[in-house]
């Protein structure tokens, strides 16, 4: 094959995998099992796998499929009996590759959900606990209910983790064989379990396998998203006076906004202006706290845009998840940014919080011994999947050839000219009766387009972060004749658009018009996201078409083509029909994709060290939780105090737990302080880096030095507390010494920051608070 080097570079070898997978599936003859009773079919399943064993120290080993064709045939027969679904050969191929630990690419409408569920059964029959990971809780609950009868058939327990469950309910579900859950929910439970003081309070039971739906979205787009557990505590929010001051500052005089609109920089004149207005000698006093507040206010005022990054609803700021076009309830920004935006919008300002612990999604995925996944656009993410997860991509050909027609992009000089062309195009296509799905970049753009269409006499349905509750109903009817649906990012919607909508009688009518027509308004930051939108048309051999409208003012072109010149003569309506213009847009998108990969690689270098340090802290926590190590240390340190407590008749169990709580309190507190320190270091690393030493090297040096002192401080403070705290038969009275854990905690996600450069600034991080 002439391009073997290409597939290897992408972490893929599709031809080899396709040939082998087809050969195995060809041998999977379910008719051999159709005459068996349910009990006999279950027995047959247990005969073709070997269950894993557990060693004395609790580690699992073994567990394998002994006869793959037989297992696939049994799974196919079980799906037919329990779900009334006859899996296609391509779904069986997908299941086979998942069982081999690949990320499989299956086009929209090819049945990824069933393939993933059959793989989950295959893993569970080996005695492995399986987490089926989704992008949101709705899909987790839906798929658990939908695929549940097949798990029940094999006697496998299953359930879905939801954010409204109690700790006891979560503990019960985590003990089951197959658990469905949104990636953020599973991660938040990891964080909460890392703050327990009694092992019995742990809710999670470790899993052996992760089957990840929308794998590229979870493992690439959100790989470096920190999931954060925070405690109530005021944060560095800018005062109202600073917010008002920033509103009066002039761009290019007092501050500069970077060309890519990811950073804002205070000028010397701007710093002098602030110092004069606030009556301070220097912005850099008090460890730069005032400077931080000014920078936060500048970010809120000039980088975060209403109806793009957030909406205001019911007097509150609600953040928008740009990769999914949704609002996640109770979202937050960190570092006072939430309060700064609230002040900017004239709303009541809320308190910030202290980070107790955090973990990136990439580190969370890395906790699973086995990982596989499925998505419609895996191949384009193959390089990242190989580089960061050592995973291979297997491409599964569609069950019916894709006949969608993808027209060449139409590129315009300005966004206004592009938008005019979009409206005219939609009006013309609607006359044919062809349904249209129009993908926009953000909420504001979707609403502006909807208004323009209405003015042109076209009614449309709008699906964005402001009305995502209506998603199921809107998507269900998006394939009806003449229907126009305007939507923000379609990734993770989890629902196929069926031609004719819910009315089967209209299917043929829509087919005659050419099927679903997808219109893209601007290119997304990667071709993979463009393809996710295109992939909504042409499912299961249906006809369909797609066309993207682009302008030279679009973010992807402006950022990816920064500093480059393009000479081309536009037509009267602003259209640039030259082939070189199309090539330039493609180039800009590739540059943007490269920048994102650089940011991923650089940011992972920062987070990798934090992950390694967290692992050390967690190992220490486990020792303290599971042994009497805390009591042994503290009683050895102060023999007289230990003897006195025993004389009081306090049981050994109570004393061990009291010592455990003392030691864990200070360990957790020192870890939280360490995270805050690392945040500060990373914010200012470009200022602290010594000559000829890279910022990442300086960050490593400083973080390792600080971490080396963490354990010693925690132990010394624990010993001091043990000497002084009152310990009764009820345990250690830490509260009487003012050693309180936060009165309230919440969890949130910090999105992979679109406002920062690869240098690692996190000031502009977009955060999504979930609880």
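Glycine too: its Cβ is placed from the backbone N, Cα and C atoms.
Per Swiss-Prot, the candidate among 420, 442, 496, 503 that belongs to the ATP site alongside 91, 109, 110, 111, 112, 113 is 496. Residue density at residue 112 (ATP binding site): 25 other Cβ atoms are found within 10 A of its Cβ, drawing on all protein chains shown. Residues 91, 109, 110, 111, 112, 113, 496 are listed as the ATP binders, and the farthest two of them sit 16 Å apart at their Cα atoms. Sorted by the number of other CB atoms within 10 A, the binding-site residues 91, 113 start with 113, the lowest. Within 10 Å of the Cβ of residue 496 (ATP binding site) there are 16 other Cβ atoms, across all protein chains. Around residue 109 (ATP binding site), the C-beta neighbours below 8 angstroms that are at least 6 residues distant in the chain are 496, 539, 540. In sequence order, 88, 90, 91, 94, 396, 398, 399, 539, 540 are the residues near residue 110 (ATP binding site), counting only same-chain partners six or more apart with C-beta under 8 A. The secondary structure of residue 111 (ATP binding site), as reduced to three states from DSSP, is coil rather than helix or strand.
Counting only residues at least six positions away in the same chain, the Cβ atoms of 87, 88, 90, 91, 94 sit under 8 Å from the Cβ of residue 111 (ATP binding site). Surrounding the centroid of the Cβ atoms of 91, 109, 110, 111, 112, 113, 496, where the record places ATP, the chain contributes additional residues within 8 Å, namely 106, 108, 114, 115.
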